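The region 'Disordered' feature in TrEMBL is assigned to 1-29. TrEMBL lists 243-529 with the feature domain 'SAM-dependent MTase RsmB/NOP-type'. The S-adenosyl-L-methionine binding site feature in TrEMBL is assigned to Cys332, Ser333, Ala334, Pro335, Gly336, Asn337, Lys338, Glu356, Asp383, Asp403. Annotated active site, nucleophile per TrEMBL: Cys463, in sequence order.
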Amino acid sequence: MARHKSNAPPKVTRQPRKQQQSSGAERSALYARREAAKVLHTVLRGDAERRAVASIKSLVFSPSVRNKRGTFALVCETLKYLDVIKDVLGIANVLNSKWKRQDPLVYIICYDILFGKETPSIGDAEKFLVRRKDALLSGLATLLVRKRVKSVEELLDHSQLNGHIKQRYVRVNTLKMDVDSAVKELEKLYKVQKDETVPDLLVMPPGSDLHAHPLVMNGRIFLQGKGSSMVAAALQPEAGWEVIDACSAPGNKTVHLASFMKGQGKIIACELNEERVQKDETVPDLLVMPPGSDLHAHPLVMNGRIFLQGKGSSMVAAALQPEAGWEVIDACSAPGNKTVHLASFMKGQGKIIACELNEERVKRLEQTIKLSGATNIEVFHGDFLSLNPEDPSFAKVRAILLDPSCSGSGTITDRLDHLLPSHSADNKNYDSIRLHKLAVFQKKALAHALSFPQVERVVYSTCSIHQIENEDVVSSLLPLASSLGFTLATPFPQWQRRGLPVFAGSEHLLRMDPVEDKEGFFIALFTKTNNLDNPKASELPEGEFRGRRKRFYPFLWPKVFFRAWNGRLHGSRR
């Protein structure tokens, strides 16, 4: 029997426009979860191995991550709830061997299922866990009973993160709203307490995010810290007074004064700089932006014309002061901000050998170099300690920047390290062991840097506040440095905060304070004019001088050196 074939065009079923848009949003969320899982995998692995990796922020804001804001929020929130998620997964026991091998992705998806705003609907891992949502929720309920708490909020307070996340504060704008009304409104979402010191200040649970809350958007409450709120409370201006706020911007303290004055009298708010962008007084190419400025998506950042870099990090290359045409080694280069800063000082001339051992960080380094447009940087994928100072390839190296792995204790808030498992209450004792291991490596690296014969300037820097990583490292290497003709110089003489007074000459060292300068940093600068001018070195026979260096550091002469150099040093200029 023949089947009649219609000439009519086939019907096309079109999805409603909202459904198509929803599908696009779901795919975007799917990609964000994968990007977040990659970042989470990196930071958890580095944390477990007690080795330095890039900070959460630097990993998220790398060029390869597309949805930066979403990924950053997802990683931070997952880390915040990580202990709870692990406990729930243990109770629910829903993972098979396949998904147990993909812990970071599982953690991210479980956060979305248990605590997120929307339940994920596409993706193999998502579908697997969504089908077991009831078991996960049951596991969460069981955990609450075991911990004898009534809410997840209380559970977080009892978790290992307790004490590491700061409480949040909001100040009630009493010109628009009374304190009790604000408490009543906010208690719909959070557990709220009145501060004991400042009458219009409210204490919120750690991790509370009120940036998009209607009370913030309409000016009835302000996100303001306790210290900042205590300033106007200390002045206690009365209604009808005339008051001057001498340095007013951004204005939180100014409007707090107005609240105390009940909107009566007059406040003269003074601010010198209209745009609030200033040139830094210490580093010539550094600009100071207002607090809270977000330039991650700015065209000047995206095209490499400006770099988001802290003051301490920017002072390192400025302290080394390499000249145009020099050959320079950046011993621990990734992610590359200091490397490309060196290239700026050298005006793109000469050569920078950028050393990085970790393969993943090499990729990040290469991205930074490409973005900067620097053409005088060669990447050495290998260990700085494997470079032979006596090799003719380094005969023209005149400066070395050494910013080795450190505890990162000076930038712990910016790095968000307090969210990592190793910073929980159960891991308080590992710090001293880790610091000792770091210091051993730092001493080896600094000794190696000082041993390059033609080097005239060496900068040793850390973002640590610990003496064992800073003054103690420098002090232990002073005899060797002196025998090689080096002396401590004083970077940025106008800078007031110097090294801890634990040895003669520590006044040459530079420190930044986490409170006063908003980050902790340390810089030591070694200089020499010419190693032939050092009588202690020149009086030694050449063979004995080399032998002494070898006796100090027998590990500096690997047999695989030339193969590693020729095979891993990228000859193409970046």
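Backbone N, Cα and C define each Cβ position, glycine as well.
Remember, TrEMBL labels are computer predictions, not curated facts.
Around Gly336 (S-adenosyl-L-methionine binding site), the same-chain residues at least 6 positions away in sequence with a Cβ under 8 Å from its Cβ are Ala354, Arg364, Leu365, Glu366, Gln367, Thr368, Ile369, Ser372.
A straight line from the CA of Ala334 (S-adenosyl-L-methionine binding site) to the CA of Cys463 (active site, nucleophile) spans 14 Å. Comparing the recorded positions Cys332, Cys463 on other C-beta atoms within 10 angstroms of each C-beta gives the minimum for Cys332. Here the Cα atom of Cys332 (S-adenosyl-L-methionine binding site) is found 13 Å from that of the residue listed as 'active site, nucleophile'.
Sequence-distant neighbours of Lys338 (S-adenosyl-L-methionine binding site) (same chain, 6+ residues apart, CB-CB distance under 8 A): Ser313, Val316, Ala317, Asp330, Leu401, Asp403.
Other Cβ atoms within 10 Å of the Cβ of Ala334 (S-adenosyl-L-methionine binding site), summed over all protein chains shown, number 26.
Across the residues annotated as binding S-adenosyl-L-methionine (Cys332, Ser333, Ala334, Pro335, Gly336, Asn337, Lys338, Glu356, Asp383, Asp403), the widest Cα-Cα separation comes to 19 Å.
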